[in-house]
Amino acid sequence: MTRQTVLRADLKERHVNMMAFSACIGFGLFLQSGKVIYIAGPGLAIIAFILAASVMWSVIACLGEMTALFPVQGPLFEFPGRFIDEAVGYATGWISWFAWTVIIAAEVLAIAQLWRFRFDESYLREVGYPDKELGWSTESYSPAVWVFIFLILIGCINLLPVRQYGQLEYIFGVIKIFFISGLIVFNVILSAMQKVHHDNHFWTWNKPYGFSSESLVVHPTHETDPGVVLRGEQGQFLALWTGIAAGLFSFVGFETIAITAAENKDLEKHETIKLATKKLTLRITILYVLCTFAGGLNVPYNDPNLINIQINSVRAGQNSIYVLAAVRNHLRVWPSIFNGFFIFSATTSGINALYNSSRLLHALASIPEAWPLFAQNWRRRLERTTSRGVPLGTVFVSWCFGLIAFLAVKPFPAVVLGRITNNAVVSELISYAAICLSYIQFYHRIKAAAEDPSLENRSAYNRDDKQYPYRTHGQLFRAYYGLLFCILLILFNNWRAFIHPFSTPDFVASYIGIVAFFALIAGYHIRSDGWNPMKWRRHASMQIFRPPPKVVVPGRRRGQLEFPNPKAPMWDEENFKSLIQFVWGWLK
């Protein structure tokens, strides 16, 4: 009996579009936006989200163009493996998979936090709220109860056939779009009504508040630490940088568009990647910026419940700027409705995170070279799928890492969640940097292939051809921009860990991913080339790890489209040294 190892292409363009959108709208938008406003102020928070979106805009265009031309399984690591080095590809695949499993735990841990919804009575009196109490009775429940329930729910939904799963994700995405649009209108109306008297509608942007926060308070250890206060231009710049790093977690998930390529049947009929990429970039950027702007109109950045948000932590619904806007305007019911929707949003993002991690692991399982010899039996088991195309093994293994969410029972679950999100962001940034570098190689390769008369189908690689599936203007510059920005964020994402007293847990959570990435690369080279680093060779033949995928270029006959392999290498030691010198000189 032949074992089934192939995923089923049952997703449509609308499914892919909403799956990527839903992945980007978890607890990040609703909890992180208030965190960024507290860190940077309402004006700088908008700039921070725009800059974070520019990284997404650059990376998704790189990934989208490569995937549109070569829709392969596991594009996040296939492209680095083909255009940089196989070891880099494998390491990127493993670190991306681990990042998504960590995101599962982060979303579930956030859900457990959101159930602990209760305002302090002193705060309610201070803002003049009509009731003495506001909160849920569920705050007394053990967080482990919610972690267990929602992990089971997330796992069960991912066992559905991909067509039914995609339909559910589409419904989730539509609900989120309507809710966020309503949330923006809700906050604009609150600002226009001005129940609490203020001089103008932009009172949170004026003195005694302002466009940016007056100071940045760094808490490197735990919530009882008074921290270090940074003021002036230095404090504002570091606040902006910290806001970018914090906001970037909210955008993680846009690569879902590429991860679904192996299960997307509309790739053969429509410009799915092109449409989904453009739609997602516009939707996410506009909604995040408008939400942050509208929320910042009603809540000052020094609100006591925002001050309680540590830079390295994520808390519950009472620390959301949108819930605070309703409370400060003395509205009943709405705070509970908002907190309930935040739980729904985090749940759906956790569902999507398990989908992405399981598909990445399944793609890795189809490559024997990515696994050590002793794990080949496990690999073959993980490669199997059901008759409906569901990779049960990879779903289960990825789901097990969600058990990290039981850290919610620790004394400082908010700090634990903050460190988990930092770790996931760094791992994803490493993947994004590899994608941008892969695109630079890809760009030069297809340019050379389009001019190579020995290639029969060289016109398929011509970016100026009208039938080229997807291209954007200035994409090479965007790839360099994305690469440099990602490298800087990787290196300096958690500079706060170095503030005295040195925080070892924060440092490890933020930088262990870098060590793991290079350790994996070294491990693969040791296996193939030996222990001497001077003898390590670059293994990037520009060929697919498996037989070339069937690709349809719009307007052309279906056939085999192989990766270009021109005679002259475009990436050699000379170019690598030049890039290192350029980055080092820029940093100096």
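Easy rule for this one: first residue shown is 1, then count along the chain.
Including glycine, each Cβ sits where the backbone N, Cα and C put it.
Noted in TrEMBL for the protein shown:
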type	residues	note
DOMAIN	15-535	domain 'Amino acid permease/ SLC12A'
TRANSMEM	20-40	transmembrane segment
TRANSMEM	46-70	transmembrane segment
TRANSMEM	91-115	transmembrane segment
TRANSMEM	144-162	transmembrane segment
TRANSMEM	174-193	transmembrane segment
TRANSMEM	238-259	transmembrane segment
TRANSMEM	280-299	transmembrane segment
TRANSMEM	337-355	transmembrane segment
TRANSMEM	389-408	transmembrane segment
TRANSMEM	420-440	transmembrane segment
TRANSMEM	476-495	transmembrane segment
TRANSMEM	507-526	transmembrane segment
Between the transmembrane segment (20-40) and the transmembrane segment (507-526), are there three or more CB pairs that fall under 8 A, provided the residues in each pair are separated by 6 or more in sequence? no
Should the transmembrane segment (238-259) and the transmembrane segment (174-193) be scored as in contact, given a threshold of at least 3 Cβ pairs under 8 Å and pairs 6 or more apart? no
Averaged across the domain 'Amino acid permease/ SLC12A' (15-535), what pLDDT does the model get? Just tell me the whole number, please. 83
Does the transmembrane segment (476-495) reach the transmembrane segment (46-70), going by 3 or more CB pairs under 8 Å (6 or more apart in sequence)? yes
Out of 20-40, 144-162, 280-299, 337-355, what stretch is closest in contact terms to the transmembrane segment (46-70), meaning most Cβ pairs under 8 angstroms? 280-299
Does the transmembrane segment (174-193) come close to the transmembrane segment (280-299), meaning at least 3 CB pairs under 8 Å for residues 6 or more apart? yes
With Cβ distances under 8 Å as the criterion, find the stretch in 144-162, 174-193, 389-408 that has the most pairs with the transmembrane segment (91-115). 389-408
